[in-house]
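Over in TrEMBL, the protein carries these features:
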DOMAIN    15-82  domain 'NLE'
REPEAT    137-182  repeat 'WD'
REPEAT    192-233  repeat 'WD'
REPEAT    259-299  repeat 'WD'
REPEAT    345-381  repeat 'WD'
Amino acid sequence: MEIERETNEGNSRRIQVRFITKLKAPYKVPTTAIAIPSDLSRLGLSSIVNKLLQAVDSEWKTEPFDFLIDGELVRMSLEQFLLVKGISAEKILEIEYIRAVAPRKEEEPSPHDDWVSAVDGSSPRIWKQAGWCTHILEGHSGAISSVRIINSEGAGSVTVATASKDRTLRLWKFDAEDSTDHPARIRAFKILRGHNASVHSIAAKTSGDMICSGSWDCTINLWRTNDTDTNGDAVSIKKRKVNNKIEESQSEGEAVSTLVGHTQCVSSVIWPQQDTIYSASWDHSVRKWDVETGKDLSDIFCGKALNCIDIGGEGLALIAAGGSDPVLRIWDPRKPGTSAPVFQFSSHSSWISACKWHNTSPLHLLSSSYDGKVMLWDLRTAWPVSIIDTHKDKVLCADWWKGDCVVSGGVDAQLRISSDISIQ
């Protein structure tokens, strides 16, 4: 079988290919070998697969596909790919196709009064739908720089931690299932004081009983999230008089311990294992900390001020970080004796503000940038598999949500949700 070109461009040689997939029906095409032009790239290959699917199902609706040869995504013409990889075109070439990792829907944006500088998509239940605000957490006297969902348990109970330029962290509890015509206004149940400068980042221990915070004072503080102090005693709760009524105020907590070693702002922290914290800093370093001893176990220096860090990949062993240049860097600390990244993605045109691994795929991660874009990456290619450019200004934060959505916020005061993303 031969596939004819639909363009008027010059002739190119034809190669025999067989399309294969791990997708289930209705995405399967016949595995018969066919002859196609060698100068086709991803879009041309996608067009062929869609035509083959339409031949099987007349009601098939066209959708984009990506293609792998020997486990690597094709991001050039077949002719170029075979040449670069030294693959012979004399035998039948097997090309695996997968659904393209790209949003198929953009939800209505959720407007805010000011910049959206932090977002956490780890719970599928917090947002009801695009544009619908259910709760407002109020009390900080400065801009909020980071937010983390500590736990999401029970019928709808959610505990959230926030960090602010007012030098404090605050803990909040609310019922995510509560919904009214107007957003419920929530006060923090606990205020955490101890930093001497703006608090820039929060991470939660997997058990949820502790959090850590990175600050402009160059330190990382560890905090308990319950209502007892380090000796198990109840934390004192202040009272205040409001409208001649005694109202219970927030409890206050102090840091359990402080990790010292960075020499500039600790811009990002992550707590992926019970006994290990990772941090990124404007001092150009990524550091690994032992929680129990407070010791700095290892350092990676990259020569750039860093804004974000996340741990993921196969075996949760890869460190991704971005900062004051357009390059998203990934290190494998299992390879000792070198600070060289194992991957470098450089398609952004400005500073990187956030990076986040997908929670189920070791191959996929995202990055956001001051260039106004969110990019989705696959470790099997050096180019972004999708670019989300719905924001009108700098993107300050981004995260995965529900496995198939990306949430992002920025200087345009919009929270945006890009949905129906196929991750395989």
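Glycine residues also receive a Cβ, built from the backbone N, Cα and C atoms like all the rest.
Note that TrEMBL annotation is computational and uncurated.
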Counts by DSSP class (helix H/G/I, strand E/B, coil) across the repeat 'WD' (259-299)
0 helix, 26 strand, 15 coil
Candidate ranges 192-233, 259-299, 345-381 - greatest C-beta contact count to the repeat 'WD' (137-182) (under 8 angstroms):
192-233
Folded-back contacts onto the repeat 'WD' (345-381), same chain, C-beta under 8 angstroms, at least six residues removed
66, 68, 71-73, 75, 101-102, 122, 307-315, 318, 320-328, 330, 387-389, 391-400, 403, 406, 408, 410, 418, 421, 423-424
Which whole number is the mean pLDDT over the repeat 'WD' (259-299)?
97
